[in-house]
Amino acid sequence: MTLAELLPSTGCSTEPVLEEGLWPDGTRVAGGDLVIGGLPATQLAARFGTPCQVLDERTVRARATAFRTALPRAEVVFAGKSLPCPEVYRWMAQEGLSLDVSSAGELALAKAAGFPAQRIIMHGNVKTAEDLKAALAYGVSRIVVDSLDEIAQLGALATRGQEVMIRVTPGIDARTHAKIATGVEDQKFGFSLASGAALEAVLRVVEQPSLTLAGLHCHIGSQVRHVASYEEAVRRMVGLIASCGTRISQLDLGGGFCAPYLAGERDFDLAGFAHRITGTLNYECGVHRVPPPRLLIEPGRSIVANAGVTLYRVCAVKHGLTRTFVAVDGGMSDNPRPALYGAKYAVRLVGRGGRPKPVTVVGRHCEAGDVLAEDVPLPHDVHAGDLLAVPATGAYHHALASNYNQVCRPPVVAVKDGVARPIVRRETEEDLLRRYV
Ligand code: LLP
């Protein structure tokens, strides 16, 4: 957030300007309040309490549609782990997307949503026998295998020519945070292309009478900014397809398309991606004389991140030797991303402006690392009772939330055209106690 954005704009409106691209479509400042999905944030906080994760349905649907429009011949698969919630899965089904799940638990949510099995793909570097059995019982269309052990286990469990894809490690450094870089060698995901393990996996699948090889898969990482990383993945994967000696009809490039979290960060260049990837795919297939496989992509973050806003109430303001700490009623239990990946967020005070000063927004948990945002400008007189809004919190927030310190997890409230409804309710102490024996 820049200083200018906290001050009244110089245009005809006297309302402050919102950072471009960070907030759900149509979010605006009106009368000092922040209006999301047609509803003032102060009203949402009063009705649903804080912390509260607000999700704008129209933004989610628009982004899902944007992927389908940009790549009309590809299968667009929503990465269900980014926002696991039956209602969101239903929206995806309605928008014509497929769904990827990475456990029997995520599959249970998909089933609850009535998500069609023929559009579900199961992932995961480890699938337990329970995961595999659940996938087979529901009849998921494809299972992405990730180890020789899994190929043997699935081969023994499957009966009807279960379609599988092979997860390949293409050896690509997508220049993202090490903890979410999954295309490089020597990490736990996939079969190495360079070592020949991927080709061996192809042979093993082909040998299994109960399995059918549907395609190859790679996922080079998350929060990937450069289309060139995907182009390189296509080159390497088509090279592998050419050496398989058997028809490969699907190429899944995974997800990872970046989303903006801070002012000035750019959205993923979806049109550029679509153009360059289809061009590279056709060119490489021509060079290798193989028929172009059908393309699949698995966006998660880029569909839901900027549709989400988290509302927190300020509980205390404390002045350290050099820093001012603004403590809120949530923290690393609803957002562990700063602690895990050094993720940075913008923060906005709802309801009023004022001369800004840099503060550190911290959570309520018993760890010094429970910091939500460092050195963010808030009005100098920020005080207990103020309402804060944090944009770009729609992806991997509900998904990664925990009960640390037995703090109950916040609700997810969907908003659309002035109507709000919880799609995940707030956790209660009763919920917590239910598990203890
Ligand atoms: N496909 C596969 C096989 C994946 O493993 C993932 C994410 C995706 C697709 C979707 O990636 P996306 O488009 O959402 O970047 N917790 C981390 C992100 C972990 C991503 C895991 N895999 C975070 O909060 O940044």
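Glycine is treated like the rest: Cβ placed from N, Cα and C.
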Can you pick which of G256, G353, G354 TrEMBL lists for the same pyridoxal 5'-phosphate site as E298, P299, G300, R301, Y396?
G256
Checking the contact step here: among the binding-site residues P299, G300, Y396, which have a Cα within 10 Å of the Cα of R337 (substrate binding site)?
Y396
Mind telling me which of the recorded positions K81, R301, R337 has the densest Cβ neighbourhood, counting other Cβ atoms within 10 Å?
R301
For pyridoxal 5'-phosphate, what surrounds G256, E298, P299, G300, R301, Y396 with a Cβ no more than 8 Å from their Cβ centroid?
A79, S82, S222, G255, F257, S302, I303, A395
Same-chain residues at least 6 apart in sequence with Cβ under 8 Å of the Cβ of G256 (pyridoxal 5'-phosphate binding site), in sequence order, are A174, T176, H219, I220, G221, S222, Q223, V224, R301
When the number of other CB atoms within 10 A of each residue's CB is tallied over all shown chains, which of the binding-site residues E298, E367 has the maximum?
E298
Could you check the binding-site residues Y341, Y396 and say which one's CB has the fewest neighbouring CB atoms inside 10 Å?
Y341
Among the recorded positions listed here (K81, Y341, E367), which has the Cα closest to the Cα of G300 (pyridoxal 5'-phosphate binding site)?
K81
